[in-house]
Amino acid sequence: MALNITSIKTSSNGLWQGDNPLDFAFPLLILQITLIILLSRSLAFLLKPIRQPKVIAQIIAGIVLGPSVLGRNKTFKHRLFPPWSTPLLESLASIGLLFFLFLVGLELDLVTIRRSGKRALSIAVAGMSLPFVSGIGLALILRKTVDGTDRVGFAQFLVFMGVAISITAFPVLARILTELKLLTTRVGCTAMAAAAFNDVAAWILLALAIALAGDGVNSHVHKSPLVSLWVLLSGVAFVAFMMILVKPAMRFVAGKCSPVTGAVDETYVCLTLLLVMVFGFVTDMIGIHSVFGAFVFGITVPKGAFAERLIERVEDFVVGLLLPLYFASSGLKTNVATISGAKGWGILALVIATACAGKIGGTFLTAVACKIPIREAMTLAVLMNTKGLVELIVLNIGKEKKVLNDEMFAILVLMALFTTFITTPIVLSIYKNTNDISFHQTLRKLGDLDTNDKATNEFRVLACVHGPNNAPSIINLIESIRSIQKSSLKLFIMHLVELTERSSSIILAQNTDNKSGSSHVEWLEQLYRAFQAHSQLGQVSVQSKTTISSLSTMHDDICHVADEKMVTMIILPFHKRWKKVEMENEEENSEVSQHQMEENIGHGWRGVNQSVLRNAPCTVAVLVDRGYGHGPQNLGLYTTVTQHVCVLFFGGPDDREALELGDRISNHPAVKVTVVRFIHKDVLEGNDMSHSSPSKTNGKSYNLAISKVYPPKEKELDDATMARFQRKWNGMVECFEKVASNIMEEVLALGRSKDYDLIIVGKGQFSLSLVADLVDRQHEELGPIGDILASSTHDVVSSVLVIQQHNAVLNGETPLSMRNDNVI
């Protein structure tokens, strides 16, 4: 039934009182949002195997719900998307757009853009100039072929077409690069830098287009050119006001956020979000779109802890719920039926061809001129052809100002959809990233460093970190294993970032200076400063890399870097860590174990560690941190003993590798090393040896595997390794043996004793009878002994380092389930 928009009420009285909720604004809005989100999410799930960005699914969802598909049904259209509901839906979508553009400005680092170099600037300028000129030429043709376009102001139509053809979508490009694992490559870095330049230029052109747009049809008759000039001058004054006055004020506000804890007063957060809307209103009042004010305000907020808190508070709600409404509303306005006949589809093909030729051609030629290899240049050109949010903003504004009629709007939306859709498959076909190529593993272990060859005596370590909490323990561990006598240390720090739907997880990689390898992230700089003195002496060199990947493929990135850099050992942080918490007036609970609080960063990271242990081409060390590197036990350079390390030796390749590491640590004058060898009568009798297998568990027992090794030979290697260690240190390192009667209690006693800051243990190739009572544990990746020491239920206070040696002999294992009542 026909409704008078002035009579629309917000909420209904319910079906029982005869009201249809679809005749009321709020219930209908809820249903519209639900339909849009469900459909866009479903389409995103279907398009995920071909790696399409979510913007594609969201636009298609709007087209499906709009007049092109379901909206052709009059009942569906008038019941679910009646004309009177459009302003309300678009207003809500515009609020989401307003805050999203604030986030884009918040994450856009102008310092990084200025540092990007002439190459990126040249590519960005050429990548916009040629398609802009092509768009103007195309506009001249369209004015003569598309009905109604000749009634639009000449300058307005030319500028809108030029901007629509030349724009590159910065956020969408970041997502595509990350999905393809190209973000930190040379191609990815150049593309992101050029896209950032492009983004800034697009906003300037957008402001120009809006200033010229006026009322669209016949605007040249009704509007004085001075009006456009005043709009532009007011826009320039607004930007100057923001940079000169607002930016210092926001620097003061950001300073109120604690850099350590990230805590910030709620008042400042609310004030900032309020200012987003205030400045949006100001630019709308000037005559420029409100999103321009939000974007510029986002740029004025300093990058750091305060910006991160704002992103955390706003991003999920805006990006997950509100922004899809804007993309979908663009689809709802798109009526494909307006493109009719051979002429209409021919015009669409012409627009797509012009957009692709201008953007790809301009970028490719400039990239080749900048001496970029042809394959990478073509990849870069295709990537820069990506369209997205700003494109749709331009088209929607053009439709609102009546610069674009329904047919031109539909043609340009489909052009944006097509050019973005083809980006991923074309890039995959012409550019194969080395991360996707199976790498040749050269197996390495610590024992290989014991040589007189200087080339092979360099100790290369890949230290993986999740965040600032890992920094103190990594600094302390690396300092302890840095040999002060023989080999130099080459440290590769790998910052692991989980790829999520949040754009901030992607933009984080832009904080890395790819030329120098130094990071602008504060806690990563702490790692650099810790080894700066050694680096100047030539003893330690440090490089960093940020990898952004889904947890299911993160191990591929780690193993690839380990193989590429020929590292000897990978250090992984355990997915749980403990920090000491001071408790006052708790005399009964005065033990240290009562003062520890467990932090779990997520089960997914445990899977990353397990996958690295299965596939690593070198030794792997998993660090279970219980405050290692915090407090008075922190190492100095050449001081008195401040740290005590215990190496537990049961026998087997992993334990021999742990002893090799203990040998290196023993060189440090501030570390006292103790070696405890556990002896069992079964070892003396020469029983079989077995090792932990990466096979799946049933939740109640470890799966062990019979190694294709000869136990007598293993015992000979164990004895030889221990004898060599004792001869080398000749009483300077305390070594003693224990006859194992109850392994679990004796190991726990060492962990509870508070005598050792760090306990090093092999993952586990043990005599079967030694582990018979230890197989019912939680963390298989740590081995039986490591699992005991890592448990939060045993009051262990020492940090633990679990070592696994990569050994080709262990391939081709035969699974064997071990339980307490079935010892083989």
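Each Cβ is built from the backbone N, Cα and C atoms, and glycine gets one as well.
Look at TrEMBL and you will find 38-426 tagged as domain 'Cation/H+ exchanger transmembrane'. Among the features that TrEMBL reports, domain 'Cation/H(+) antiporter central' is placed at 489-631. What TrEMBL lists as domain 'Cation/H(+) antiporter C-terminal' is 645-677. Residues annotated as transmembrane segment in TrEMBL: 24-43, 55-71, 91-108, 120-142, 154-177, 189-214, 226-246, 267-297, 345-365, 409-431.
Sequence-distant contacts of the transmembrane segment (345-365), counting only residues of its own chain at least 6 positions beyond either end whose CB sits under 8 Å from a CB of the stretch, comprise 123, 126-135, 137-138, 141-142, 145-146, 165-166, 168, 194, 339, 377-378, 380-382, 384-385, 411-412, 414-415, 418-419. Below 8 A, the CB atoms of the transmembrane segment (120-142) and the transmembrane segment (267-297) form no more than two pairs separated by six or more positions in the chain, fewer than 3 in all. Ranked by Cβ pairs under 8 Å to the transmembrane segment (91-108), the stretches 154-177, 189-214, 267-297 are led by 267-297.
The residues of the domain 'Cation/H(+) antiporter C-terminal' (645-677), classed with DSSP into helix (H, G, I), strand (E, B) and coil, number 13 helix, 12 strand, 8 coil. Computed over the domain 'Cation/H(+) antiporter central' (489-631), the whole-number mean pLDDT of the model equals 71.
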